[in-house]
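Peer 1: Okay, here's the structure, questions in a sec.
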């Protein structure tokens, strides 16, 4: 059962298992062979030719002749001066909340004695250098700068590099300044990912790359993450999505606004409404059409609605089960007492509870991070946080008594795995300790 548009109400119980599976399928995102090959060529050229290739690709893809790849401090200051105070104050408020939430994520040192004389610790260190990719296009995304730059600063990353297609919007440059980012480069697309992964005369190589992008950027991140000479990435990326669970007390206008706020991201976005109330579903369909007519990106949102769903269920529990199976990037619970069911939610990037928690709050300023796993990756990946900008190390320290107390266990396991050198590393020390003890006793 494939609906032709978002006005079609689908009764979940009347669908076969195969139809239900199809209803929860997402728009395909597999990179075409052409994109894969093009990106591979871009990576190789940037690695071999550096800035020359970056300027060539800027001319070819962005239709901009770039003389200086790096944005100067004076250019950032000028951009900041052009911004209105309202925008600056809004960004400052967002940063404050993001700081509070991400500061709370700092991990304490784990320090335990697993048995007498055996001390084990877990400590964290910041990733030394990170690269942030901020898309260009028809609308700037300064909020993504804040979402990436703030935790990078809190984590203590020594070097934070930002790349964005030319010309870079004033809002992005000011957001970078607000986050303390000094190395900003006007390059975009797969070539920007290549520059940060391999380095060039102007752009420093980084250890890990963060940020969203189009199919070419996504494919470039995938490829560099699989190369020994490349860089790690934040998470696999897919089209944006939202799933709303609504009960009979929900407000259709609120639901429609939340669905459309996701649909306007791109034609490959997907939005889903789950409700046991058919009247609510029908009212939402009407609201969507009315609000859609007023949107500046109505054409984009309408395309996204073609692969979206209005699903009527038997009850609220069935909504929860379907949502967990789908694993949405954003999950909105427009139900009474949402806190009573949050423990049943297993797979979601970020959850918005109640009528007064629009997705937009998390996208911009509540404090949570808006970089989230999509495309079903919520079953194994988490929303971006401070942990993504640090790495964990374990430390162990054994006293002589600690080693003696653990020696037979280690030797037995090493012998079972036929790893003689592992066993010898313990046996030699035990022998040395016993010899020393014997010598002391003789004295």
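Heads up, the Cβ atoms here are built off N, Cα and C, so glycines get one too.
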Peer 1: Which one of 299, 363, 388 goes with 240, 262, 265, 330, 417, 422 at the substrate site, as Swiss-Prot has it?
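Peer 2: Matched candidate out of 299, 363, 388, per Swiss-Prot for substrate with 240, 262, 265, 330, 417, 422: 363.
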Peer 1: Here are some binding-site residues: 240, 262. Which one has the most Cβ atoms within 10 Å of its Cβ?
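Peer 2: For the binding-site residues 240, 262, the Cβ with the most other Cβ atoms within 10 Å is 262.
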Peer 1: Between residue 329 (active site, proton acceptor) and residue 265 (substrate binding site), find the distance joining the two CA atoms and give it rounded to the nearest Å.
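Peer 2: Computed Cα spacing between residue 329 (active site, proton acceptor) and residue 265 (substrate binding site) is 13 Å.
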Peer 1: Cβ atoms within 10 Å, counted per site: which of 191, 214 has the most, among these binding-site residues?
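Peer 2: Per the Cβ count, the most surrounded site is 191.
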Peer 1: Using DSSP reduced to three states, classify residue 133 (NAD(+) binding site) as helix, strand or coil.
Peer 2: strand
Peer 1: Fewest neighbouring Cβ atoms within 10 Å: which of the recorded positions 329, 363, 417?
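Peer 2: 417, out of the recorded positions 329, 363, 417, has the fewest neighbouring Cβ atoms within 10 Å.
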Peer 1: In the structure shown, with every protein chain counted, which of the binding-site residues 265, 330, 422 has the densest set of Cβ atoms within 10 angstroms of its Cβ?
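Peer 2: Max Cβ neighbours within 10 Å, all protein chains included: 330.
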